[in-house]
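See structure below.
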Amino acid sequence: MKSERDLIGAAAMLTIRAQVLALHGSLILVIILISTTLFLLMGEMRHRWTQVMNETTPVLLTLHNLHASGETIFGAANRILLLEYLAIDANPKIRQELDERVLDLDHEMLELTESNALFNNSLQTYRTLVNRYFPNEKKLLQQISQSAQRLSYHAVQLLKSRGQLLDPKQLMLFDNQFENAHHDFVVALEAAMKHEQLELKERDTLLHSFIQQLSNQALMVSGIIILVTLLITLIIYRRLISPLSSLAGEMHKVADGNFDISVSKARHDEIGDLARAFSEMVTSRQRAEEALQRAVTRADQASQAKSDFLASMSHEIRTPMNIVIGMGDLLIHSKLDEEQQQAVEMIQKSGNALLEIINNILDIGRIEAGRLSLEKIAYQPQVLLVETLSYLALAAHNKGLKLDWQIEPTIPPWSMGDPVRIRQILINLVTNAIKFTDEGNISVRLELDDYGEAMVLAVEDSGVGIEAAHLEEIFHPFTQADSSIMRRFGGTGLGLTITRRLIDKMGGNIWVDSTVGEGSTFTCTLPCPVAPEPPPSIHSKADGVTYLAGTSLRILLVEDSIDNQLLIEKYLQDSDHQLSMAGDGQEAVERVKSEPFDLIIMDLQMPVMDGYSATRHIRQWELEQGRPAIPILACSAHALRDEMEKSIDAGCDVHLSKPIRKGVLLEAMERVIKSSPQD
């Protein structure tokens, strides 16, 4: 179905694109046709203008040449006739003047001959042009030819006479005939030139009219192009752009998570197909979103149920574990024979192993639920490493292994971070190395990286090693290199998973280099921001054990479990403290109102009234009565940070997670009594 919708949408888009291209192609074709028409019209105009220039201009030029040569003939003939008149007149004075003007009959005869030849050539050219271009002007041609021939004839006769016209009457007659021929020629020539000028004017007028017509046509064509363009644009906008823009707006709404859309599906074209495909896609996506939301809700509920289950199981397991480990601590310090001592040590070892498993399961649950938060306090990296490795060296020694460490002096004395979680990372890596190493040694190095911004912690062992194919798998929850590892060495497969998650949350990195049969090296980087040294504490650590020695505190133990009451009573039996019991929170509130107490040890999960409510009631009563706050030490089988913060918010001073060892309890009592105001 999805593929079909995709094909419909793709086909619709291709068809729309083809329509747009077709419309644009039509517009381009119209523009090309109109441009071609204008180009042809311009060519026609150029042709006509060239025709005018090629036809009329040569005729006018020939007429001018004909007129010029005719005038030259007429001038030369007049000068020759003048010489003929002078030859008859014997007046010495006049002849002297003529001689001074250098009038030469031979020269004039030569000029007349040349002018006559040029005249005849121009006449022939004019005759040819008229016959070719202006056959309707043959009448003018005939008039010019006749007058020109007479003028040329008289010129030839004058040349033939060459000084033989000695009779004055004959000379006068020839002069009159030549004058008349010249006059007729000029009249005919002027008529022809006037006609040609009129012809040129008419053609010029016609040409301007054609240009005006062409301009009007160009304007009309431009208007047609504009109208066609507007029409095509309107068609594209109404049929394509407007519905597509509306569809795009609905798509943006869907992209923003709003499925309340309005898409018109009435059209039966490609736009309609696209709208229907989009509507089906939106419906499908809305269903998928709803299914995803339901899945997320179920996942959240499952995660919450898992967290609640882990917390509940942790509480239910920690409660009896509190008795097992607590009583084991008491027994280990009592008078036991060797066999009893070994039995108690086995109980403690098994209890601690079980407690570690519980803590790891809780950690991985908190990490996966995103509830694990990190502290950022000042601590001493070198001190933390030495104290932790000194504690782990005993476990390595018991297995016949040597544990050594090297700390570079460049490590800052104080740094900001979560020392509890950093210690947990170190313990996980080193205990992992101890577990998988049967002989040899384990080396730990702590140094700064090349940038001086992070610590590089490397734990190297000479253990069994890990195959390259399994290097990444060992960081997965509940996973080890192979099933034989779990059978041989045991473990839950959570230590390295928690380590990687903690390092990732701190902004560091972890990797492993390993060779089967030779050992492994786990290397991690941890941010190491330098911190100033905090001011020294008012009370030294040496005060802790002796502060309450010889004192007698009135202590109220609020605990619904008889076993836990007995355990705390055993913890305090060697002291001078006065211990009172309350089985629930309501009883504790009533006893606080009626009896004075120096310290309250408060369990948090109890019937009738829990420890949170009891603490709030006590704090409210103290505030109303103006009494100093009694130190309250919360004890709970809940180990989650949320529970710790909840108890502190309720008014408790310290929160201890079960199982609680005797030393931890006494140290917490010391700390809370020291920090409380003294009466």
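For all residues, glycine too, the Cβ spot is worked out from N, Cα and C.
The domain 'HAMP' feature in TrEMBL is assigned to 238-290. Feature annotation from TrEMBL assigns domain 'Histidine kinase' to 312-530. Positions annotated as domain 'Response regulatory' by TrEMBL: 554-673. Taken from TrEMBL, the feature 4-aspartylphosphate covers D603. Look at TrEMBL and you will find 20-41, 218-237 tagged as transmembrane segment.
In the three-state DSSP scheme, D603 (4-aspartylphosphate) is classed as strand. Per-residue pLDDT, averaged across the domain 'Response regulatory' (554-673), gives 90. Residue counts of the domain 'Response regulatory' (554-673) by helix, strand and coil are 57 helix, 24 strand, 39 coil (DSSP-based). A sphere of 10 angstroms centred on the C-beta of the residue listed as '4-aspartylphosphate' encloses 27 other C-beta atoms.
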